[in-house]
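Here is what TrEMBL records for this protein:
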- 43-81: domain 'EGF-like' (DOMAIN)
- C52-C69: disulfide bond (DISULFID)
- C71-C80: disulfide bond (DISULFID)
- 86-168: domain 'Kringle' (DOMAIN)
- 194-436: domain 'Peptidase S1' (DOMAIN)
Amino acid sequence: MCQTVKDVCKNVNCGHGSCVVTTAAPFYECKCKHPYRPPNCRKASPCRPNPCQNGGFCKKGPKRSSFQCSCLDGYSGKFCEVGPNDCYQENGESYLGMVSETVEGEECLDWNSYFIVQKGSDPFKEYAGFDGIGPHNYCRNPDGDDQPWCFVNKNKKLKWNYCKVRKCSGAKPEVSTAQFSQCGKPQPGRSARIFGGKKSLPGAHPWQVSLQTRPKGSSGPFSHICGGILIESCWVLTAAHCIKNGAEMQVVLGGVDIEKDEVYDQVIPVEKAIVHEEYKESPFALHNDVAMLQLKVTDKPYCAKETRFVKTVCLPNVLFTNGTECVISGWGVTETQKYGTNQLLDARVLLISQEKCNAPHVYGGSLDDSMFCAGNMRGGVDSCQGDSGGPLVCERNGTHYVVGVVSWGDGCGKKYKPGVYANVRRFIDWIASHLIS
């Protein structure tokens, strides 16, 4: 069956339409773009049957395939499909309207589009149990994102975008009664993963920080240079080698796309950077590669404010053994890889013993007790998913602990060269001394 689905549309020509996957033989059909008709989407019939919904009137255009819908008052959209009450409450997880257009005017793909399956994703498996998606292209929010969205075919690449559907008026903003009362608890249902390698779920890594800089005195834009980890409302943990003298710094929390201004972003200036006193660069390693950023108070006594998308991670008061699977996240900007991605990535890595990391064919004794390595000895892209200064987080009993800070490595994804991380347990007292002061 898997092979059938994979190849079912391979030699199908749907004319002015696209091939979608079905559950019954022959396991596909052509989904036609109006005014073209089934079965092969080649013959046009603009106004028969009437494509205009909600009492709209169809008027033929000058060309054989052109038409226009005249909608009744209160209705809009190409097919009068958007009603006066078509809006979403809260984050739109309950939205079951008929909008199928993105904020940039792109037409949404059907959720059962062969193009999505072909690119390695299957919404029906990923979001099993969510009733809103089906054999249609209406905007939905099956993964608890910030608002309804859909997949689009952008220059033959599978992308996604938020939808052109308004938020219902009078919706009350989310209010958190106790700020940062618990650490290490992401929003329920927001597991640390990427959907099909395309989008990282907002709120999956709510302690993830984008550290951004610009020259002092400049009025130009800030640029992302490193990751960071929110450990308290006014404190961010990062790597010492990320701190640049003579630069103005800010952090951005909550978002997943560093090229967009997202509704859940929190942008906070950095007041002070504290680099570990024993930070040292050697030809083969970065020692004590940690720093703390003190943020500017925005709403006394808070700097960052807790939301579904911004939370603190716990400092490690438990031990994680070698072989434990943990998660790194970031935008892929490291010392050796200057250009990452605008979309937040994550990957799973295994903790590796110090003995293996210091083996002659690995790092040859370069690691001291201020660092450890994690990843895969066989190589691969995992070590490229994090940022310098970003988090390596391990989970126990539903609580997440920052065990490492992305520090250095030999290239990216090389065999026998796993990523090297600052060992946060080694710096617990140093961190605590600054939090108290």
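Backbone N, Cα and C define each Cβ position, glycine as well.
Unlike curated records, TrEMBL annotations are generated automatically.
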Task = Translate the DSSP assignment of C69 (disulfide bond) into the three-state scheme.
result = strand
Remark   = C52 (disulfide bond) and C80 (disulfide bond), compared by Cα position, are separated in whole Å by 6
Ask   = What is the total of other Cβ atoms whose distance to the Cβ of C52 (disulfide bond) is within 10 Å?
value = 23
Message = Counting only residues 6+ away in sequence within the same chain, which have a CB under 8 Å from the CB of C80 (disulfide bond)?
response = C52, Q53, N54, G55, G56, C69, C71, L72
Task = On the DSSP side of things, how many residues of the domain 'Kringle' (86-168) fall into helix, strand and coil, could you say?
result = 9 helix, 20 strand, 54 coil
Ask   = Reported in the order helix, strand, coil, what are the DSSP residue counts of the domain 'EGF-like' (43-81)?
value = 0 helix, 10 strand, 29 coil
Inquiry  = Please compute the mean pLDDT of the model over the domain 'Kringle' (86-168).
reply    = 87
Cβ packing number for C71 (disulfide bond), 10 Å threshold = 21
Request  = Measure from the Cβ of C69 (disulfide bond) and count the other Cβ atoms within 10 Å, all protein chains considered.
outcome  = 21
